[in-house]
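S.K.: I am attaching a structure below and will ask some questions about it afterwards.
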Amino acid sequence: MSLIALRHALGGFWESDLAYRFRRSPVAILAALVGLALLVAAMGAPVLAPYDAFDPAAANAADARLPPASEGMFGDYYTLGTDPQGRDMLSAMLYGLRTSLVVGLASVAAAALAGVLLGLMAGYFGGVLDAFIMRAADVQLSFPAILIALLIDGVARTAMPAALHAELAVPILIAAIAASFWVQYARTVRGLVLVERGRDYVLAAKVTGVSTPRILLSHILPNVLGPVLVIATINLALAILTESTLSFLGVGLPSTQPSLGSLVRIGNEFVFSGDWWISALPGLLLVLLSLSVNIFGDWLRDALNPKLAS
Amino acid sequence: MSALLKVEGLRVEIARRGRVMTAIDDVSFEIAAGEILGVVGESGAGKSVTGTAVLGLLERPAFQAAGRILFDGRRIDTLDEDAMRALRGREIAAVFQDPLTSLDPLMTIGDQLTETIRTHLDLTQAEAVERAARLLAEVGIPAPRERLASYPHEMSGGMRQRVVLALAFSCEPRLIIADEPTTALDVSIQAQILDLLRAMCRERGTAVMLVTHDMGVIAEVADRVAVMYAGRLVEVGPTQSLLAEAAHPYTRGLMGSIPDMHRRDVELAQIPGSMPRPDAPVPGCAFHPRCGQALPRCAVERPLTFTAGASEVACWLADPAARSAA
Amino acid sequence: MNGVKDTILSVDRLTVRFDASPPLLKRLVTGAGRRTVHAVEEVEFEVARGSTFALVGESGCGKSTIARAIAGIQRPSGGSVSFMGVDIAGFRTRHAAMPYRRNLQMIFQDPYASLNPRWRVGRIIAEPILTHGLMTRGAALTARVAELLETVGLSPGDTAKFPHQFSGGQRQRISIARALAANPAFVVCDEPTSALDVSVQAQILNLMRRLQRERGLTYLLISHNLAVVAHMADDMGVMYLGRLVEQGDAGQILGRPLHPYTRLLLDTVPDPRAPKRDRARLAGEVPSPLAPPTGCAFHPRCPLANARCARERPLPIRVEAALVACHAVEEGRLPSRPPAAQQSFATSGDAA
């Protein structure tokens, strides 16, 4: 698409301050391009991957632990080598990237949804509801996020049959990560709502007789979303890393469902036998992903901060 | 007349997004020692930017693009940051609209006063404290010695603005730039602060550049008035005659739009439209699209400055050649 | 002025107090007591249909709190507000209050805060119409919004723009269009022009007066600017520390003020048409509403105060077309005013 056409498609947004700053920041553009490329690669995994990483039949035990750029027993070519089960590393990484991104995006979305709603109510209604929500948040903050995720996963594991748990592994993981991240949204939104609810446009809506849910959702919510977007972006990298850490610790996803974290764990046993690629390549991809998301998030935070605007 | 402050052809530009806009365009004026010059205009007219430029406090993206600023015959717009800082507070002091921006919330009133005094004057701590207490007494703060230990948040808005005045006068400056010093205050407190400012200046012969949007404030304290519009000076003259008989159509429109306490039930005079923004400058006279008396040349030629009565007016209507032709 | 007035709003012993106590834990630790801000104390006035009633006073005198109580966004601690014959405190549900809310709208001071920055102008103006179910979305609503924009001097093409694309004066016009959208009878104007430049203020004041003439609107005008009040008001009330000290016909109060506070306030206003005149000064500052003075709240600053003023709160007495709460007026201790004011005293006295 030509630049002119892009410009036309974006309409007013192209002229906005945010778009202007973005165009002037090579770092942000690079980070966004890398992140976008990874997203496309992950979502296109079933098409792009040479082999199906979820299909045990596609793995050939005889081709286990082959280094990058080698040929398998039956003429298969492995660009990035194979893992201990003989799976193609490139395919496994693409599917792993997809799992990591899905878990990351879904858990951030769930955390943001819960946190924003709780924050809106706490900030707008105040009183007992506010005290209850914010004390719950305080309690939650006194635990490390990973511990809460571990706890939820542990409870789910003991409460469910193993087969069911394996089936529900992804939703459970998403819930576990979301549960440890909602606090930040709730606190931020509450603080913003405390300011917004006293502003004249909210009072004007009250004078007119607009209902409280409408005031909250169509007046106040759009005005507190900017900072939420920034937190969500920065949290995305954190959520992906949390998923990887959990998977690395073996409490995340089963090894039949590769994620970047579980790939690193699998390779971890073989690092000292010289098979570096099984751990290092998914690890590098993880770094690239979280770095691009983080850099973009940092830029977004600065760009939306009026105090830093020149 | 030897001017204390002389601004010649000042031009301030703002570079934003690779475009250059003109905030102040060819502004020249003088302030004599001990004189109070009121600079009046509506928001966006460039009056605050002018004050900021004189103080040498322009910050990116605004910068001085042309002109000279002379203080006591010495050029100050080319001074480096250190020399300017030494001048500021000592010879030229500033009073801003919000006293909280001038006062450090974490320092006592006394510490702020003595710090400023000792930065600029060669005094011992005890002498500085003595001077600070005397200043507070002079600006009408009861129990000044006790008040030295107070923090700004422990005082009312009016009291804080009094402290800001004490701070401004602490080193006996010769010029004070006061930017909307009473706008945040109630009328009764505003009157007290204006009285104080006028009395202290008269006593010490301090000159003031009083930036305000309020013609009432001008009427109270200013000796001369400079009216700004769209970054330009449109009229300068003695307060009494300018308020009674403005020469520039904009000044007349401005006066007409002020509700009169003593004449009710009359439609207020209205200036149609709004002031051009710096990113959409108007050719010729900046006021011509809103002016009821605009001549054809007003749309193309920027007016020169003419003498009309006691005032200097930048308006073709005041051109003696045009008047004699008519 | 003595004919039977068609009263649209009547405020009876309205009192608003705020709890400004430190948190419970701090009160227990430091032994500090509860503290109450006396924002509005027993205020009474009536507004006639089609007129403008102005409340003036310095910041913190409670005038904006009264506006909010009348607009239904501040619950009174005591007294009542009756609008078109109905006590507004009696509404139990949002639904029951809807007819009153349709008839009473508000214009705010800060044109930058009173419009939702994320909403387009068309949506902002349509909101009261849709909220009250006066119209449904469609061509008729679009036409109505366009008509409202033209009424306030904007272009129908502005509906698709966002508030930040307008100047302060234009935004205040949008606020007025929103306030008119549901065809209200009464508009509360809380400092509608104090954030605007004088030339823009003139445009807005002229617009407000034109709309009042054309639509028979009633205004409650809250302002600290006496010149604006002089220009707009039929009746006015002067507030000091939560109480009305003088109220009545605006012409009489401005021309022949009786209460010492009103007199000093009028003297204090700088007038560009009378530069550097000699005038009396209002000394001192407004006391804290946390601990209002005993007796008459104005007595610590009043040049005429005596022992009775410090002890006993003055009750309003009628002097021609005004009600004044002052012992000095009651006892006839009031000095005559300086020549300029004296003259208008004489003329209005003759007329009365």
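Heads up, residue numbers simply count up from 1 along the chain you see.
In case you wondered, yes, glycine gets a Cβ from its N, Cα and C as well.
Pasting the feature list from TrEMBL:
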type     : residues  : note
DOMAIN   : A:97-297  : domain 'ABC transmembrane type-1'
TRANSMEM : A:27-49   : transmembrane segment
TRANSMEM : A:101-125 : transmembrane segment
TRANSMEM : A:137-156 : transmembrane segment
TRANSMEM : A:162-183 : transmembrane segment
TRANSMEM : A:220-241 : transmembrane segment
TRANSMEM : A:276-297 : transmembrane segment
S.K.: Do the transmembrane segment (A:27-49) and the transmembrane segment (A:162-183) share at least 3 Cβ pairs under 8 Å, sequence separation 6 or more?
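M.R.: Checked: the transmembrane segment (A:27-49) vs the transmembrane segment (A:162-183), no contact.
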S.K.: Against the transmembrane segment (A:220-241), which of these stretches has the most C-beta pairs under 8 Å: A:101-125, A:162-183, A:276-297?
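M.R.: Comparing A:101-125, A:162-183, A:276-297 against the transmembrane segment (A:220-241), the winner is A:101-125.
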S.K.: Please report, as numbers and ranges, the same-chain residues at least 6 past the borders of the transmembrane segment (A:162-183) whose CB is under 8 Å from any CB of it.
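M.R.: Tertiary neighbours of the transmembrane segment (A:162-183) are 99, 102-103, 106-108, 110-112, 114-115, 118, 137, 140-141, 143, 145-146, 148-150, 152-153, 156, 235, 238-239, 242-243, 246, 252-254, 256-257.
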S.K.: For the transmembrane segment (A:101-125), could you work out the same-chain residues 6 or more beyond its ends whose Cβ comes under 8 Å from its Cβ atoms?
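M.R.: Sequence-remote neighbours of the transmembrane segment (A:101-125) are 38-39, 42-43, 133-134, 170, 173-194, 197, 212, 215-216, 220-221, 224, 228, 231-232, 235-237, 239-240, 243, 259, 289.
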